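Take a look at the structure below.
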Amino acid sequence: MRLDPDSTSSNGPQHHANGSSPTSQKNGISTSANGHSSPTNGHSSPHQNGFSTSIARSKSSSFFGHDREEVTRLLIQGLGDLGYHGAANRLIHESGYEVESPAVAAFRNAILQGQWSEAESLLFGVDSEADGGGVSISNGHSHHFGGLKLAANANPDSMRFSVREQKYLELLEKTETTTAIMVLRHELQPLRQDVGRLDHLSSLMVCPTVEDMMRQAHWHGALGNSRQTLLQELSRSISPSVMIPEHRLAVLLDQIKQSQIAKCLYHNPSTSPSLFTNHMCDRTQFPLQTAFELNQSDGEVYIVEFSHNGQGLAASGADGATVIYDTSTFQVRHTLREHTRPIVYLAWSPDDTRLITCSQDNKARVWDASTGMCLLQIDHHNQPVSTACWAPDGETFVTGSLDKQSQLCLWTLDGRPSYNWAIDYRVQDCAISADGQRMVTISSERQIFVYNFVTREEEYSILLRTKMTCLSISRDSRYMLVNMADNEVQLIDIESAEIVRRFLGQKQELFVIRSTFGGADENLIISGSEDSKVYIWHKENGTLIETLEGHTRGCVNAVAWNPADPSMFASAGDDMIVRIWSKETAPSLSRRKSSAPSSHRGSRYL
């Protein structure tokens, strides 16, 4: 397809070895670390697995090349995360190690209870010239404490600012404005941190309601998760040897899995890899064979998309029709024919009950996917409707157009315009993140725009060196995938706006070629190409793992991976064919209709 030629917490549960843990001891059974139990005749024993506490302390400090104390503390924290508090306490008793010191526990409690002066004293200590330095943390027995050990890159003033900012916001929440002003002037301003942030905090005092203040501050209140969020933020600046990052064992296990997945080129299982064995997927289980050829279209096919439940497949293109297939048999369910010019985009609603189609007849239509009836026609735009996307709740949707007026509009299901973005560029494509927080658009003028979909405000824009043809957003809302007109696909971090990875090999210079995330965990990148081939890369390392032939001529315009079946994807091309790829070839290819070759290639030029 061608563009319009005119377009330019905490660290887990706290454990105690003094009997205060809320666990019960069952008589007759003692717990061991290997999944077996042994009888104790109803008596507790200081010896487990043949070692006493004194023997445990005398063991080597190394554990298969790892620090024994670190491993033990991670196990204690992990047992607590799993809910095995009794086992965690027994490990504390036998090893002599604890997850954290009393000072760390006191600091956590001070943050979660809103004891801000106490929290700062525990974090940094107290100026010895003021009162001798240190605070009491030993059950009423006074001694001095010099503060927690900070990470090498920690900024103490930035940490103080975060604590005092929370204090300030909580005072505003309680409508104690006078005290809040004192905190702003005498505690926050002297730190000389972010001036813009200080101005924003100052402006919150004039908010008409507490709710409005919380909304503008993007803050959830003292009774929300704001204190827990603050604790997590501060913990990143505290030495991990003092305050182990929360759920650290689970994070390490996940890193092990991700490392193995990164080395597995054909990783595409529907279940998570086991920790018991080294992981490697077999190429024979990868969808490399054509199972069906669907040629119900009378022209080039520009867009193909599976429904979210994987039970439907919709394909549209140059003939202005949309064919909906039942993926259990790939029989035609409906053919939608009311557009008068080529259809360049389509999108399923989140619940798969509706389908939007966007056409070069300057209209978008909303269809009932079960009956095939047209429910709504949007004829607001003066130029081709290039794209559409649904809000995650399915109650509204956005259309984008190549015209210079009302290019980007939000609509209700009954066709009422809910919001128009005031922009001055032509919209090539758009997508809304699954968490509903952001909307991303690309323009025909080489720019990416990222909006806060909740507030409708633009967050940032990126100017690129070449034109783009399409974008998609990952299910975890972290990344955008953008096809470039210089034979490149880029993976971009939405939060940081940094390019994470480039995928090379496919051909794209003149026509709109679409890519998408693929595989069970979206660990693959798949794209069409101008050389009639399908390209598949490993997302984590950028390796081109397959180049698939099958389409007979022209472009492979679009690809789609079945979200319910990781062993199936579809490709659509200028040869008027939708190919269904699977790990096994069907007994007979489905060729239900023949059609004459098309006289033109592509409908949208770059």
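Yeah, the Cβs are placed from backbone N, Cα and C, and that goes for glycine too.
Just so you know, TrEMBL annotations never went through curation; they're auto-generated.
Per TrEMBL, the features are:
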type	residues	note
REGION	1-54	region 'Disordered'
DOMAIN	100-179	domain 'CTLH'
REPEAT	336-377	repeat 'WD'
REPEAT	521-547	repeat 'WD'
REPEAT	556-591	repeat 'WD'
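Listed as Cβ neighbours of the repeat 'WD' (521-547) (distance under 8 Å, sequence separation of 6 or more from its ends, same chain) are residues 258, 261-262, 265-268, 286, 288, 474-476, 481, 483, 489, 491, 501-511, 513-515, 553-559, 561, 569, 571-575, 581. Mean pLDDT for the repeat 'WD' (556-591) in the predicted structure: 86.
For the repeat 'WD' (521-547), residue counts in helix, strand and coil come to 0 helix, 15 strand, 12 coil, using DSSP.
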